[in-house]
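Shown next, in structure tokens, is the structure this report addresses.
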Amino acid sequence: MTSRETRAADAAGARQADAQVRSSIDVPPDLVVGLLGSADENLRALERTLSADLHVRGNAVTLCGEPADVALAERVISELIAIVASGQSLTPEVVRHSVAMLVGTGNESPAEVLTLDILSRRGKTIRPKTLNQKRYVDAIDANTIVFGIGPAGTGKTYLAMAKAVHALQTKQVTRIILTRPAVEAGERLGFLPGTLSEKIDPYLRPLYDALYDMMDPELIPKLMSAGVIEVAPLAYMRGRTLNDAFIVLDEAQNTTAEQMKMFLTRLGFGSKVVVTGDVTQIDLPGGARSGLRAAVDILEDIDDIHIAELTSVDVVRHRLVSEIVDAYARYEEPGSGLNRAARRASGARGRR
């Protein structure tokens with residue numbers, strides 16, 4: 001390298017150094033452990049998700065990097081401090097969702113989103129964990145009918161049931177009705193062994209599991225016997241008018257258009273309906289069109305009906321679930337079949 005090149009490189013390095021900024025945030029001493037996490041797991045999550053360099057000494061967090069990166073890191077850490085100060089446990093998952101919210105286009109505060117209590121029982125509190133979940137919950141409060149559409153693990157059914165239980169406990173409604181289509185995955189009830197109740201129960205088991213997670217297990221059978229809580233197949237809704245009820249239709253992608261119309265027209269006075277489903281997991285036979293897809297197309301412009309969409313970003317199960325959802329979405333994109341066939345053919349030729 002010539003002396004001219006050396007001087008140019010030094011000048012470029014100096015300009016880059018000048019562009020770097022430093023900032024320091026003092027964390028209240030009693031919140032440091034909660035912010036950093038067990039064995040500094042939250043700090044490591046911050047280091048993985050933020051571009052700015054982080055250094056912790058005592059209760060001071062020093063940030064260094066490009067101005068925009070440092071500004072984002074300041075916002076993230078301030079929000080996380082507010083979350084810890086509210087008494088909520090901070091986890092790497094909460095860190096990841098908080099960063100995603102602030103990187104996005106919304107103006108919502110992660111501390112406000114992640115500390116919104118929906119339902120509490122024996123020290124366990126159910127809250128939205130992502131911005132879209134918060135918007136979904138707000139839509140349920142503001143509208144009579146809400147469609148919650150998204151992949152597995154986005155909390156669409158669990159949050160709807162939490163809102164239903166809360167509405168019952170606060171006397172906004174007098175009963176809860178939980179329903180699902182009773183035929184899924186290509187099975188027919190008539191070919192399954194057991195009584196009708198024994199055949200139907202496995203399809204409704206996820207709803208029972210969620211109920212027992214939210215309410216006193218000893219109270220649930222009494223409420224069901226009194227008709228305050230009803231868990232039933234969708235076919236049992238026909239011919240009824242459901243007043244003063246919070247009604248949740250789960251797995252709605254497996255309804256036909258006729259079933260969906262029948263269900264929605266059961267709506268009575270003082271009732272609220274939440275319809276949840278995943279349009280990528282339709283099990284209807286013969287390629288029949290999903291009633292959920294049809295309803296969204298037909299009803300999306302009607303006032304007091306809201307369509308809430310959740311994505312892989314809102315998956316709150318294991319981190320891999322979000323990646324699996326995205327991988328399947330890419331695999332099933334139009335035209336990707338040709339690419340898969342080409343890859344298989346190429347692989348076959350390579351094995352010869």
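Cβ atoms here come from the backbone N, Cα and C positions, even for glycine.
Features reported for this protein in Swiss-Prot:
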REGION    1-21  region 'Disordered'
COMPBIAS  9-20  compositional bias 'Low complexity'
BINDING   GLY150, PRO151, ALA152, GLY153, THR154, GLY155, LYS156, THR157  ATP binding site
- Whose Cβ lies within 8 Å of the mean position of the Cβ atoms of GLY150, PRO151, ALA152, GLY153, THR154, GLY155, LYS156, THR157, the ATP site, other than those residues? GLY148, THR276, ASP278, LEU310, ASP314, VAL315
- Message: Applying a 10 Å Cβ distance cut-off over all chains shown, what neighbour count does THR157 (ATP binding site) have?
- Response: 24
- Message: Under 8 Å between C-beta atoms and at least six apart in sequence, can you list the same-chain neighbours of PRO151 (ATP binding site), or say none if there are none?
- Response: ASP278, THR280, LEU310, THR311, SER312, VAL315, VAL325
